[in-house]
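*Asks:* From TrEMBL, here are the annotated features:
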- 10-199: domain 'Class II aldolase/adducin N-terminal' (DOMAIN)
- H95, H97: Zn(2+) binding site (BINDING)
Amino acid sequence: MSPHATQVADMLIAIGRRIDARGHAPATGGNYSVRLDDGSIAITISGSHKGRLTRDDIMRVSAAGDALDGKKPSAETLLHCLIYAIDPGAGAVLHTHSIAGTVLSRALAGQDHIGLEGYELLKIFPGIDTHATRVELPLVDNSQDMPAVADQLRPLLTAQSPLLPAFYIRGHGLYTWGPTAEAAEHRVEACEFLLSCAWEECKLAGATR
Ligand SMILES: CSCCC(=O)C(=O)COP(=O)(O)O
Ligand SMILES: [Zn+2]
């Protein structure tokens, strides 16, 4: 591993530990990547526990998702590739699994977005400088067919202006990204916080109805 690759791997290992400590990486769930200077992607291998990553659990794929070092990349590599292809400003992508997001997205059966409105933390998104706004997180159905999931997402993401750096796969998990791994991690924390708030409010509304 080059010194830079080691640095990237150590950064993803540390991020995985923090995400797992928040309960957002259960049972090997989630995957993480960083775009490298040559356009290739450093990504977690498939099936690794993201709270217990080692340097051997980070590998390289091409921009198209082909393995460059003989390891097996994340089953969701194509979604990382889609994000990097659509957003030239994306430098790191993080995918998490949380209880709140999972149940909220399942409660919104048939809906193609998760509406988030009035929250201070919405200011984590680019171009938003007030809580007095509404963000609609694209919500697509889950599938084990990653090209099909990518096909659902591509038109939704390319239609956005400005591009919202997050989406949700129903009953599955959150994808968010940023120019750096640090920015992507802030967005994961904000999005998971917002999804928890939305789910708690949904429950309260049900209880008081
Ligand atoms: C047991 S978690 C189910 C697979 C998944 O959703 C995930 O995020 C992890 O898959 P990977 O191939 O990246 O380990
Ligand atoms: Zn997943």
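Just so you know, glycine gets a Cβ as well, placed from its N, Cα and C.
The model shown is predicted, which means the values in this text are computed figures rather than measured ones.
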*Asks:* For H97 (Zn(2+) binding site), what is the tally of other C-beta atoms lying within 10 angstroms of its C-beta?
*Replies:* 21
*Asks:* If I take every residue in the domain 'Class II aldolase/adducin N-terminal' (10-199) and average their pLDDT values, what number comes out?
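*Replies:* Residues in the domain 'Class II aldolase/adducin N-terminal' (10-199) carry a mean pLDDT of 98 in this prediction.
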*Asks:* If you run the three-state DSSP split on H95 (Zn(2+) binding site), which class comes out?
*Replies:* strand
